[in-house]
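Enquirer: Here it is, the structure, as structure tokens.
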């Protein structure tokens, strides 16, 4: 079938400023923009745009919007990116989700985000609905991508694991929420940044180990995050299937390991990039990674492609609309 993203759709309200105001202070910002967003939408858009045009698999978005102007614009954005929106529901009496994003231009485009979930709160599916979304009798491998901007992704992950064993579960636990150790083992491809990686370790391993890692990170950042990546792979991942851990380290680069190459590898970030807005960088990276792996590329090749794609995204404003096309990445490769 292809790649399905189950997640959030938000309308982004972006304010660009030199700095954030202090408590009780009114500060004049530089300018204001609106964009399509939500981690689910961003990842689906990235997958749609970074998919090789010669590939014939489908890209689907599963989620909900309100019956308002914001919702219509979000659905149009997905369609323009080549994403099937058949299962994007429209709810009456509830607004489309929104994200208020504050972007500090004098701090390298770093952002802070406030979410109002709106119609994303309705993205909950019972077994009957899941059977309709994922019909029986499909033998093709499918990737299903999750984040944590919807109420209960874990219940859907458990259903897929039990009922569609040929599916690969891709999980980006953002914003982070702790889960029992056994539930992390349901994931086939885990994609985290350094903060989320450390949060997982803190939630499932003993405090003494966590304190030791925290103490050493300041002196050996890369070495300690290698240890975290190893822990996530060796102690949590479902190695019966693909078994991949990818950890992004912002401007430093990416750590990754897999069942094919359990030793943690490091790819430095692309340097000398003019950073405008980092909002869509992580979602672009995930989109590129998933498309490349689904198309049969090696993990190393997929990481290189994704790193280049995200480096192009951060040179433009916005999230979904700032993401490059497959041909743009190939041109810069």
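Yeah, the Cβs are placed from backbone N, Cα and C, and that goes for glycine too.
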Enquirer: Taking 166, 193, 207 as the options, which does Swiss-Prot list with 248, 249, 250, 251, 252, 253, 282, 283 at the ATP site?
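Expert: Among 166, 193, 207, only 193 appears alongside 248, 249, 250, 251, 252, 253, 282, 283 as ATP-binding in Swiss-Prot.
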Enquirer: Return one of helix, strand or coil for residue 12 (substrate binding site), based on DSSP.
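Expert: Once the DSSP labels are grouped into three classes, residue 12 (substrate binding site) ends up as strand.
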Enquirer: C-alpha of residue 277 (K(+) binding site) to C-alpha of residue 283 (ATP binding site): distance in Å?
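Expert: Taking the Cα atoms only, residue 277 (K(+) binding site) lies 13 Å from residue 283 (ATP binding site).
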Enquirer: What is the separation, in Å, between the Cα atoms of residue 251 (ATP binding site) and residue 313 (K(+) binding site)?
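Expert: Roughly 14 Å, rounded to the nearest whole number.
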Enquirer: Please give me the CB contact count at 10 A for residue 10 (substrate binding site), counting all chains in the structure.
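Expert: So the Cβ neighbour count for residue 10 (substrate binding site) comes to 33.
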Enquirer: Identify, in sequence order, the residues in the chain of residue 41 (substrate binding site) that are 6 or more apart from it along the sequence and have a CB within less than 8 Å of its CB; answer 'none' if there are none.
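Expert: Counting only residues 6 or more apart in sequence, the Cβ neighbours of residue 41 (substrate binding site) under 8 Å are 7, 8, 9, 10, 61, 63, 74, 77, 78, 320.
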Enquirer: Count the other Cβ atoms sitting within 10 Å of the Cβ of residue 316 (K(+) binding site), across every protein chain shown.
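Expert: I get 14 for this one.
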Enquirer: What is the biggest Cα to Cα gap, in Å, among 193, 248, 249, 250, 251, 252, 253, 282, 283, the residues listed as binding ATP?
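Expert: Output for ATP binders 193, 248, 249, 250, 251, 252, 253, 282, 283: max Cα distance 17 Å.
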